Amino acid sequence: DCPWDWSSHEGHCYKVFKFATTWEDAEKFCTEQARGGHLISIKSTEEVDFMIKLAYPILKANLVWIGLRVEDFWRDCHMGWRDHANLLSKPGVVHNTKCFGLDQKTGYRTWVALRCELAYHFICMSRVPR
């Protein structure tokens, strides 16, 4: 089972954190909260729907960090989730942005490229402990 204050969905635990921080600090915080924890990676529309139901009533924030980041931008523009899940599609990357979030203006359904040093709320996820 998930920790008492986390929500369970499809074999994962999720928790919305209502304080704003940089992408790196949010990812580090998630790894400290649960074994195998990371910023949320989104692999299906069902997971998006669950995340919206979970996050929107709590946050009502314009932007929320997700676990997507461009690594080694100047060499090969490798893009991937922090938990190494497969990336189903690639959003457009804007020069000077390496991190991604979800935008409330689109119902948290659009990935937006953001500067990693800005501070936003975030959602952590981990596998359900065995």
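Going from the start of the chain as shown, residues are counted 1 onward.
Including glycine, each Cβ sits where the backbone N, Cα and C put it.
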The residue that Swiss-Prot pairs with Cys116 in a disulfide, chosen from Cys77, Cys99, is Cys99
Candidates are Cys2, Cys30. Which one does Swiss-Prot pair with Cys13 through a disulfide bond?
Cys2
Indicate whether Cys124 (disulfide bond) is helix, strand or coil by DSSP.
strand
Taking Cα atoms as reference points, rank the disulfide-bonded residues Cys30, Cys99, Cys116, Cys124 by distance from Cys13 (disulfide bond) and give the first.
Cys124
